[in-house]
Amino acid sequence: MGRFIFGSFGLLVLFLSLSGTGADCPSDWSSYDLYCYKVFQQRMNWEDAEQFCRQQHTGSHLLSFHSSEEVDFVVSKTLPILKADFVWIGLTDVWSACRLQWSDGTELKYNAWTAESECIASKTTDNQWWTRSCSRTYPFVCKLEV
């Protein structure tokens, strides 16, 4: 009887230790912290990639980073699959939030920006972020909170 209780307790501990890890991720998604990640090799523009991620699972979006450890995890997943390439991440229209000024200190009032939106792609080898035309096509990573 004691072995049965001890064995049952051991299984309960094992089950609880798996909660919040890969056991909660959809199949073929990878887990890190409380999130699931999936690398998609097909190339899409930023808007289509974000829409594709949203269609995968409720709450899924293009990748966002919140720590250097998370970056290391994502690089470990993307680099072997995509080699030296860019992936779309969930940043776009970064210039709209900036207060720009000229080198002489005056505020930017007149501008001649292109109508093309700028989105951010991360380089798989070193996670450097690059602005790219949102209409370009790249692979991407979807992220899902579990």
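Including glycine, each Cβ sits where the backbone N, Cα and C put it.
What Swiss-Prot annotates here:
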SIGNAL    1-23  signal peptide
DOMAIN    24-143  domain 'C-type lectin'
DISULFID  CYS25-CYS36  disulfide bond
DISULFID  CYS53-CYS142  disulfide bond
DISULFID  CYS119-CYS134  disulfide bond
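Within 10 Å (C-alpha to C-alpha) of CYS142 (disulfide bond) lies none of the disulfide-bonded residues CYS25, CYS119, CYS134. The separation of CYS53 (disulfide bond) from CYS25 (disulfide bond), Cα to Cα, is 15 Å. In the three-state DSSP scheme, CYS134 (disulfide bond) falls into the coil class.
In this structure, the C-alpha atom of CYS53 (disulfide bond) lies 16 angstrom from that of CYS119 (disulfide bond). Across the domain 'C-type lectin' (24-143), mean pLDDT in this model comes to 88. The Cβ of CYS53 (disulfide bond) has 24 neighbouring Cβ atoms from other residues within 10 Å, across all protein chains displayed. Across the domain 'C-type lectin' (24-143), the DSSP tally of helix, strand and coil residues reads 31 helix, 42 strand, 47 coil. Its own atom aside, the Cβ of CYS119 (disulfide bond) has 26 Cβ atoms within 10 angstroms in the protein chains shown.
CYS36 (disulfide bond) is 24 Å away from CYS134 (disulfide bond) when you measure Cα to Cα.
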